[in-house]
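Going by TrEMBL, these are the annotated features:
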type    : residues                   : note
DOMAIN  : B:5-287                    : domain 'FAD/NAD(P)-binding'
DOMAIN  : B:319-383                  : domain 'NADH-rubredoxin oxidoreductase C-terminal'
DOMAIN  : B:422-469                  : domain 'BFD-like [2Fe-2S]-binding'
DOMAIN  : B:558-619                  : domain 'Nitrite/Sulfite reductase ferredoxin-like'
DOMAIN  : B:630-768                  : domain 'Nitrite/sulphite reductase 4Fe-4S'
BINDING : B:639, B:645, B:679, B:683 : [4Fe-4S] cluster binding site
BINDING : B:683                      : siroheme binding site
REGION  : B:816-836                  : region 'Disordered'
Ligand code: SRM
Ligand SMILES: Cc1cc2nc3c(=O)[nH]c(=O)nc-3n(C[C@H](O)[C@H](O)[C@H](O)COP(=O)(O)OP(=O)(O)OC[C@H]3O[C@@H](n4cnc5c(N)ncnc54)[C@H](O)[C@@H]3O)c2cc1C
Ligand code: SF4
Ligand code: FES
């Protein structure tokens, strides 16, 4: 697959909420997109489905960092999921991670799970 | 060399402590250790047994795990009592087999004494010693209304409290003329009785039970020698303990006249291969019914088996400090002044409800003993004077007088010598604590792990904390009470910084006083502080990302990601028109409808995008948000009061509505619940609330710092016969003081219990304005009241804010993981099996 056709526009930058998340529907199911202006990384996208609580809720969690790792805390049972790797810090669980970028005022996603690819490559 | 066989009989607290001590010695490798226990569990914390009734499980109380014992290489047999000791062949016998020993340790403890009264062995006559006993009491309490404890000693009163916590009307029947005859004198016992009766436990002293027969009004009747009787549904005997010495008796070991296995200073019995420790052992004609002396015996035997010729048991201090049903009681040393020439100082404040007695040596230099009832404040200091024979100050009476009358010269941790015992359970001195700190322990938890201090009966926690903090400070170490990794400050400090510097956003605060991006601990805590200070809309752009989802979307998230809606129904009063609207809205959106425990209606199962639509309809009908999602004022429960009720003495509904209207929307460290009852029948359960108000002929009695929930606590009476304005002023001050000084997620009860000086201090600050901040506190509250807005109203009117309530930003579909089923005519989330 070529680099150019893998990015899909999901929404506008004005739909993003600073230091918080929104949920979007994609062909890979619901995705949570977080915007943290001034933090590293500024934009992140992970699965919206919380595999522990088994509900579509992760976009509604609080974001922040734990020991330097950027995370979202599940709003249901408060486990932390890394925004970089999708790994849960407390339990054996992982959510997919998707490359995300802005092009002008558009927010774009690539729907391959970057964490599992780099994991299988390694 | 073949290993020698060591057998331990009894796996209670002392037996376990012995194993713990012995397995850590070099000698342990020479022995194969086998342990027999009669109870089905490994050792558990009997001292804190009553917590089993407050939600602690067996696992919480467990002291030993199978994994520990496996790791120590023990051969252990719980649930396999030893039935016989054959001293000639050096072997013990159980129903499962026979086992040889080279050395034997008896740690069989004691059993509750049940007086041989006629009828003592029928159903619902129980004792209080093991987990199984407590299960039996709980089962018997089902369907029971009243319970009696026979015995007004330490354990009896604890049992009475347990019965009370099971919801029974409880009584204590004591044979002696006063409660706790061993520890207290007549005045102390009388005060304790008054206090306990005021808490609703009835005390009957000088009563000898002659028979237990079937009752008229309850399951049982107790007949007393004075011809009176008492009907009750269950009886718990707590009339003392007897050493469990049967095995020793049967095999001919030396036994005391009134029971107990005779031991010498090395804890050896009349047979040099057999030791006895704990409550089964009799040393110098004494059975020690406390855990600390048992632990010292355990250490002695562990030491002896490890060739330590100095290990010895030479008696123990029996001082006790406890909180019985919330009443402080302390008894130290020679409390009854048995020492020849001893002199007494007594302070009996019948008005304030405290009693103190000092027993002083003939030369006036040392403290021999003491009794405290109502206030254990001086206990730690007095105990140190007594144990370490520290020379008394010139006016020793100041030690038990209230502070205002001369200033009690508390003995600071600094004044203690290095030899001063801090923890008697684990024999830890101040020197040991200092040693642990010098070896690198940097906080209380580390010192506890290192020295084991405070991990036994827990009586020394306060003293240990003081010593550790003072020693750490001396070494220039700061005690870490940080909120989280992002802020090197406590919640109180952050509150102060926000207020004094006029900080209005999280961003500013973390940039100036923190580090990193923040997290789900500090963000909501700071959001709560900002709201308590400035009361801006919680959906303002700066505040939205700080909140838990419930606050963000102003509804409670349910397990499938949908939300519940709880409109405010002040005081529980609602018009038929409004009820109809709730019904109509629920029907339109197919919401599961339930009356809550807070006198209002909860509508469950709304999706995110439905929330604003539903709220538009509710707001049109005159509803406001109920803040069921916030750490904030929830409900003011009311009873119907004197407008309808024949007993009501004030208009409780009206007052409840007034309070709810005033404090609605107030953000606080944890949730706040109120109630107002129209008379002492207390139909609104005000005494189980953070703020409880009960009508009197003359006005209102105010109760504070109660709660239900995980650790229920009755509220304390704070002020009496207030008029309406005084009531509100007092609540204003108290709540803002709470908001300013509590830790995050600390309810009022825990906050108050942790305030130095407790309830009395709080009364001084709020009622007497001892800090001179009364006006400021009231103004702060008024500012919040004046800036109240219904968060939902503001949200539905603002298109930007409404944008947030979309399930998916780019698609209108319903969330595909939400599945439903119907039960009792209403919709509810389907579980996975139902979906399949
Ligand atoms: C709806 C309700 C149960 C019901 O069906 O009746 C309820 C439901 C919840 N309670 Fe409760 N509590 C409800 C009355 C109570 C009561 C009774 C009362 O208020 O008289 C208590 C005991 C009294 C007390 O709090 O002192 C109570 C003690 C708790 C506790 C334990 C608090 C504690 O200090 O131990 C929690 C947990 C917490 O807050 O951390 C809790 C937490 C919760 C939460 C918020 C749990 C959660 O995070 O999902 C529940 C969700 C509410 C929702 O709408 O989705 N709820 N909860 C009641 C709502 C009352 C209202 O109108 O607002
Ligand atoms: C409710 C309650 C509150 C208390 N509060 C305090 C307090 O605040 N402070 C304090 O210092 N003390 C308190 N105590 C007393 C304290 O619990 C005891 O001093 C301590 O448990 C004694 O330990 P032990 O090992 O000698 O006896 P136990 O803990 O009774 O252990 C003896 C064990 O031996 C077992 N056993 C008996 N016979 C046999 C046999 N033939 N074969 C095998 N096993 C056998 C028993 O089943 C039992 O498990 C309290 C006690 C109770 C019940
Ligand atoms: S508390 Fe008093 S006034 Fe209120 S309903 Fe009960 S009996 Fe009536
Ligand atoms: S005195 Fe019992 S734990 Fe310290």
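Positions of Cβ are set from backbone N, Cα and C atoms, glycine also.
In this view, the densest Cβ surroundings among the binding-site residues B:639, B:645, B:679 belong to B:639, judged by other Cβ atoms lying within 10 Å. Across the residues of the domain 'BFD-like [2Fe-2S]-binding' (B:422-469), the predicted structure has a mean pLDDT of 85. Within its own chain, the region 'Disordered' (B:816-836) has Cβ neighbours under 8 Å at 558-562, 590-593, 604-605, 607, counting only residues six or more beyond its boundaries.
The largest share of C-beta pairs under 8 angstroms with the domain 'BFD-like [2Fe-2S]-binding' (B:422-469) comes from B:5-287, of the ranges B:5-287, B:558-619, B:630-768.
Neighbour density for residue B:683 ([4Fe-4S] cluster binding site): within 10 A of its CB lie 18 other CB atoms from the protein chains shown. Other than the site residues B:639, B:645, B:679, B:683, same-chain residues with C-beta atoms no more than 8 angstroms from the centre of those residues' C-beta atoms, the [4Fe-4S] cluster site, are B:640, B:641, B:647, B:648, B:652, B:677, B:678, B:681, B:682, B:684. Each residue in the domain 'NADH-rubredoxin oxidoreductase C-terminal' (B:319-383) gets a DSSP state, and the totals come to 5 helix, 33 strand, 27 coil. Taken through DSSP, the domain 'BFD-like [2Fe-2S]-binding' (B:422-469) splits into 26 helix, 4 strand, 18 coil.
Shown for the domain 'Nitrite/sulphite reductase 4Fe-4S' (B:630-768): DSSP residue counts in helix, strand and coil, namely 53 helix, 35 strand, 51 coil.
As a summary of secondary structure, the domain 'Nitrite/Sulfite reductase ferredoxin-like' (B:558-619) carries 27 helix, 14 strand, 21 coil according to DSSP.
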